[in-house]
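Student: The structure follows.
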Amino acid sequence: MMRSHYCGALNRGNIGQEVTLSGWVHRRRDLGGLIFIDMRDREGIVQVCFDPKYQEALTAAADLRNEFCIQIKGEVTARPGNQINKNMATGEVEVLAKALSVYNASDVLPLDFNQNNTEEQRLKYRYLDLRRPEMAQRLKTRAKITSFVRRFMDDHGFLDIETPMLTKATPEGARDYLVPSRVHKGKFYALPQSPQLFKQLLMMSGFDRYYQIVKCFRDEDLRADRQPEFTQIDVETSFLTAPEVRAIMENMIRGLWLNILGADLGKFPIMTWNEAMTRFGSDKPDLRNPLEIADVADIVKDVDFKVFADPANDANGRVSVIRVPNGASITRKQIDEYTQFVGIYGAKGLAWLKVNDVNAGLEGVQSPIAKFLSEEKIKAIFDRTSAQTGDILFFGADKWQIATDAMGALRLKLGRDLGLTRLDEWQPLWVIDFPMFECDEEGNLAAMHHPFTSPKDFSPEQLEADPTAAVANAYDMVINGYEVGGGSVRIFDPKMQQTVFRILGIDEQQQREKFGFLLDALKFGTPPHAGLAFGLDRLTMLLTGTDNIRDVIAFPKTTAAACLMTEAPSFANQQALEELAITVVTKEE
C-alpha cells in the first residue's frame, strides 16, 4: 500500500493509528538529535518527526530536501501542548516516522514557494506552481463547484448532452479559432465560441432540459479576466418562462455559495438595464458600494456654463453627479487624479463642489463652478443628491455613454479608495430588459447579446419599423460587480429570426449560407425555449477570492494567448501543412 491517509486529513481522531503517507517534503528542520519535516499532499500538510528510536529512518531523513517525493510509515501522536499549531488543520498531531522511502529526489526548484515569483515563472513551471497549497485549494474548490452543479442539474431533470467541438463558423461577436480540414481541402471547421445553436437545436429535438460543462473558444484580445479557451456551465430549457429559468438558476447559485462558503445570498433583487446604468453607471453594478449617480440635467439646462448646458440640452447628453459622504476632505491633488482617471473613459473633465455648510446656500460651498449656479440651483442639487455638510459632489457632463461610463468607473474607484465598498459582503442581482440592439463603431446596429435573443412584446413588423425601441428578453446574473452568467429567451419564430438577421445587415443569401440549418429547423414545430450560461472560471474566481482568472485554471494561457510551459502555439511541420493545402505567408517587418 502506497498510502492509507492523506497528510492534510489527519487529526486527533487518528492518534495511535499506524499510517502510510505519500507526498512531498514541504520544509525540513534539523534540530540535531531530531529532524522534522512538513509533509504535503493535495489535502494539506502534516508535521513528521524523525526520532533516534527509529535510527534507520532518522539517518535517511538527513538527506531529504524540499520537494523530494517520499513515503512515510509511522504512528500518529499528539503534539505536546506547547507545540500545538492552531494555524494548521493538522496542528494538534504529528507523525512519528518509523520508515522512510524516497520515490524520487528533486533538483533545486526554479520557483521559491516562500516568496513571490513572477507570473512568467509560475506559468512556465506550472506543474510546480500547482503544488502550492493555495493553488491546490483553488482547483479543489473548482472540482467541488462542478460536482455540485452536476448534482443540482441531475436533481432538476436536466440531461448532460455533449455538442460538437468541430463546427461551422458563425458570427457571434469574436473571431473564431479555425481548424483546417485535410479531407475537404480549403475548408475549415471552427471551434465553438459557445454551444448556442446546438443547444437550441436540442430544444427543437425535444430534450427540454439540457446542460453541459463545456470548453469554449474565442480568438479575441485578452484582458486580465479573459482566456482564449474558457469553460461554461451551459443551460437550455423548453416551455419555461424567463422568470422560471431565473428562479432555477438562482437556486443553484444560492446553493453553491452555501455549499462552498456557507454564505446565504438571500433572494436576488431584479433591476432593469436602464436603472443599473442610470444609478450605477454599469450594467453589472457592484451593490457593495453605497455611492449612487443622480441626474441633474433638468436643473442645469439654463445655466451660463456650456460644459453643463450643452449636454443638458442634448437628447443624447447627460449631466450626472455622485455625492461622496464626508468627502470634503478630499484634497485638490486627489481631485486632479480623479479628473485624469475619468479622462480614460473619454470624459473631458470633472467638476466638483464641496459642501462646507448645507444650510448656507452658495456661501456654504467651495467650487470652481459655484459662480455659474444660483441659490435655487444649489438647493435643487442638494435636494436631488441628499447632500449634507462635509460632502463633496462630483459632476460628469458629456454624451450619455461617455458620462455614464466615466461616472460608473469613478463610482467604483471612489468606493475602493475611500474604503466605502463593503468587501465582506455578497451582493447578487439580476439585470434584465437590455436594449435589443446597440450601435457599433461604424454606426451599424449590432445585437447587444446575440442575434438569437427574442425581443420583449414586439412583433416582427414592429421590430423592423423601430428596432432601437426594442427591449431584449435577456437577463444577466451579477455578483459583486462581476457578470457571472447571462442568457435570454430565444427566438423560436422563423419570421422573427429572419427579421433580426435583416436588421443586422445579414441578407437572405448570407442567412442561408450561415444559418440555413437553423432557419430550416425553426419551421418544424419549434418550442418556446430559453437558457443561459455561467462562466465557470469567473464563478471559481469569486468563490476562491482571487482576482486573476489564471489562478483557477490548471494550465492557462498568458494575455498573449501563449502557453509558456509547452511553448504553444508552435510552427507546424511542412508535411502537415502540405497535407492541409496550407501555405504560410510571412510578412516582412
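Counting starts with 1 at the first residue shown.
The backbone N, Cα and C atoms fix where each Cβ goes, and this holds for glycine too.
According to Swiss-Prot, the record shows the following:
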BINDING   Glu172, Arg218, His449, Arg490  L-aspartate binding site
REGION    196-199  region 'Aspartate'
BINDING   Arg218, Asp219, Glu220, Gln227, Glu483, Gly535, Leu536, Asp537, Arg538  ATP binding site
Student: Within 10 Å of each Cβ, count the other Cβ atoms and name the one among the binding-site residues Glu220, Glu483 with the highest count.
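Tutor: By the 10 Å Cβ neighbour count, Glu483 comes out on top.
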Student: Between Glu220 (ATP binding site) and His449 (L-aspartate binding site), what is the CA-CA distance rounded to a whole number of Å?
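Tutor: For Glu220 (ATP binding site) versus His449 (L-aspartate binding site), the Cα atoms are 17 Å apart.
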Student: Are there residues of the same chain, six or more positions away from His449 (L-aspartate binding site), whose CB falls under 8 angstroms from its CB, and which are they?
Tutor: Phe434, Ala472, Ala474, Gly486, Ser488
Student: What does DSSP say about Arg218 (L-aspartate binding site): helix, strand or coil?
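Tutor: Coil, per DSSP.
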Student: Work out how many Å separate Arg538 (ATP binding site) and Arg218 (L-aspartate binding site) at their Cα atoms, rounded off.
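Tutor: Arg218 (L-aspartate binding site) has its Cα 16 Å from the Cα of Arg538 (ATP binding site).
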Student: Of all the Cα pairs drawn from Arg218, Asp219, Glu220, Gln227, Glu483, Gly535, Leu536, Asp537, Arg538, the residues the record ties to ATP, which distance is largest, in Å?
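Tutor: So the maximum pairwise Cα distance among the ATP binders is 20 Å.
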Student: Just jot down the residues in the same chain as Arg218 (L-aspartate binding site), at least 6 apart in sequence, with C-beta under 8 A of its C-beta; none if empty.
Tutor: Ala174, Arg175, Tyr177, Gln193, Arg226, Pro228, Phe230
Student: When you measure from the Cβ of Leu536 (ATP binding site), which residues in the chain that are at least 6 apart have a Cβ under 8 Å away?
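Tutor: In sequence order, the residues whose Cβ lies under 8 Å from that of Leu536 (ATP binding site) (at least 6 apart) are Arg142, Ile145, Thr146, Ile213, Phe230, Thr231, Gln232, Ile233.
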Student: Within 10 Å of each Cβ, count the other Cβ atoms and name the one among the binding-site residues Arg490, Arg538 with the highest count.
Tutor: Arg490
Student: About how far apart, in whole Å, are the alpha carbons (Cα) of Glu483 (ATP binding site) and Arg490 (L-aspartate binding site)?
Tutor: 20
